[in-house]
Each structure stands twice: as C-alpha cells, then as structure tokens.
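Asks: This is the structure I want to talk about, given as structure tokens.
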Amino acid sequence: MSEDQINCTINHQIHQYLFSSTYILVLLVGFPTNAYSLYHAWLQLRARNELGVYLLNLTVSDLLYLASLPVWLQYFFYGDDWIYSEWACKVCGFLLYDNIYISIGFLCCISIDRYLAVVYPLRFSSLRTMKAAALVSVIVWLKELAVGIVFFQHKELSQDETNQSVCFEHYPMQKWEIPINYYRFYVGFLFPLGILSISYFRVLRAVGKSAGTQTAQKKRIKSLVTITIIIFLVCFSPYHILLLVRTLLEKDCQFVVKIFDYYHFSLLLTSFNCIADPALYCFVSESVQNSIQQAAEACTHIVCCCSKHESSYKTDSTQDAAAPTDNGTGISVVKLLQQTKIEL
C-alpha cells in the first residue's frame, strides 16, 4: 500500500461529534488558564526560580497545541477532509502529537527538580539553577523536534476511498511508523513513568520523615505529587496502551475498524492535559494559592452579603405583614406611630 492511499473504510463520526465538542471545550478553558499560567511562570522567572523555566516551557507547549485546534476543528467540520497544504498538515500533526511528549518531558523535569530539592537540597544545588533548567529544556525540545523530522520526511496527506484528503492518519499502519511507535511507548511514556514514580515515591518518603518541614509545605508537596501522577495516568496511559496494541496487532482493516473509536477516544484524553497542566501552579506557586484563596474569600463574602440582605428583606416584610394595622387605612400601626413621632 502506498503512503498516499488508505485502504480501510472507517466511520469518522467520533470526530464530527465528540472530538469537535471536546476541542471547543478545551479551547475555551485552555487558553485563559494557560495565559494565566504563563504570567505566573514569568513571575517565577523574575524571582530566579528554576522551576519557572520548566513551567514556562510546559505552558508554551500547551499554547502551541491549543493554537492548532481551530484548524483541526475545521478539518472535522468538513468531514475529515483536509483543505490546506500537506506542509500545514505536518505542522498541525506535529503540534498535536508531539505536545504529548513535550508535556511528559517537562513533567519529568518537574518531578526530578522536586526530588533533588526535597531529598538532596544541598548536594545537587548546582543542578537546580536557571542555566541548568534552560539547558535541560532545550534538550527536551530538540529531542522531540528530531522525532518530528521523521514525520516530515514521509507523506502525511492521504486519500481515502471517497477521495477525501485525510491528514496524519494511516490505516493500516505504515511500516516506518512501527519503530517510532515503540520509541514513543518505551522512551516517551514508560521510561518517564518510571522516573516519575521513583522520584515522587522518594519525595513522599523524605517528606514523611522530615521533622523540620512545616505541615503546609508537606501538604503542598503531596498535592503536587498527586496532581502530576493523575495528569500522567489519566491523560497519557490509555493512549499509549492502545498505541502499543495497534503496533503489535494491527495487520488488516478488520482490526482497524474494531479499535478505531477506542484509539481515538484515548487520543482525545490527551487534550485534557492542556487544562490539567495549569493546575500544577495551584500546588507549586504560593502566590497563585493566595490569589485563588483571596478570590474564593471575595466570592464567599459576596454570597454571604446577598444572603443576609435577602434574609433581612424577608424578615422586614414578615414583620410588616404581621404588624397590627389601622382599620381605616390599612397602614401599619408601627409606621403610623413612627410618623406621628416625627411630626411631633
């Protein structure tokens, strides 16, 4: 089978409905939250906090991914028919898929940084500098750009049986994709998962034994560990498990048709990473926690004031209704007495 032909007849309804609605949701929530995260990452950079370097790169990666979603939405609205050039298809495909591994890379950087900060605060202080963080960030980007070059060397715009132009989809899988998929599963997913698990296990054990760590700090560290692992498992695990299944078992169109919806639903889960990543700021940055707390207190104050006002209004109304009235005018006797007192 040539690279520019798709031999399998596949129902793409999952794209028209579920993908479209989800991508719209991710865009509406992802852009403002990541813009807010970008601002606070910049504040951390100004404070010379090396963790801000990783968080800044993570946010930039998410914003690039979000920038590609309107093009993919148009692709879905046209019934999975790509109307742009093949170069645009490759760029959008790169932003869609490589965001997964760039995000994983920087989540690992954050986990290692927290591990060194908690377990070896003095021994490896030279590795926790702004320059070291910048160098590591460049390596993460270059690693994924190198993988992207492989895709740019192959044709990514195919024709299905209805002569529609299909972008970044090959069914059945091309032979050149098989080693890339193994690389993605073992190097891009399984190896980082091991680093994440070991480093955070050591962090939790060190924090639990530390008598000098304040309770609030322990709580923030545990929250960071929890949210990072949840992001990793929920957003990335289903996709990579089904990617491995496809790579091992996909031989004909019958298998493609069976697994298509499950595989693409798992791919859809990775998009929620753009919404989940900004949650890291709630557990990393104390200033963000204070801002959220102040906003919550302000909202609570407004709600309480409105409730008290409504309650006071109801009480006054009830008292007025229950007060004795002058039979001639129907006016409350209390009000009449007050008016008489004023006139006097």
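For all residues, glycine too, the Cβ spot is worked out from N, Cα and C.
Pulled these from TrEMBL:
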type	residues	note
DOMAIN	33-281	domain 'G-protein coupled receptors family 1 profile'
TRANSMEM	20-39	transmembrane segment
TRANSMEM	51-73	transmembrane segment
TRANSMEM	100-120	transmembrane segment
TRANSMEM	132-152	transmembrane segment
TRANSMEM	183-203	transmembrane segment
TRANSMEM	224-242	transmembrane segment
TRANSMEM	262-284	transmembrane segment
Asks: Could you tell me whether the transmembrane segment (183-203) and the transmembrane segment (262-284) are in contact, taking contact to mean 3+ Cβ pairs under 8 Å with a sequence separation of 6 or more?
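Replies: No, these stretches are not in contact.
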Asks: Looking at the domain 'G-protein coupled receptors family 1 profile' (33-281) alone, can you tell me the average pLDDT?
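Replies: Mean pLDDT, the domain 'G-protein coupled receptors family 1 profile' (33-281): 89.
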Asks: At a Cβ cut-off of 8 Å, and with pairs 6 or more apart in sequence only, do we get at least 3 pairs between the transmembrane segment (100-120) and the transmembrane segment (20-39), yes or no?
Replies: no
Asks: For the transmembrane segment (51-73), what are the same-chain contacts with Cβ under 8 Å, counting residues 6+ beyond its ends?
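Replies: Answer is 19-20, 23-24, 26-27, 30-31, 34-35, 37-38, 40-45, 84, 88, 91-92, 95-96, 99, 102-103, 106-107, 109-110, 113, 130, 133-134, 136-137, 140-141, 271, 273-274, 277-278, 280-281, 284.
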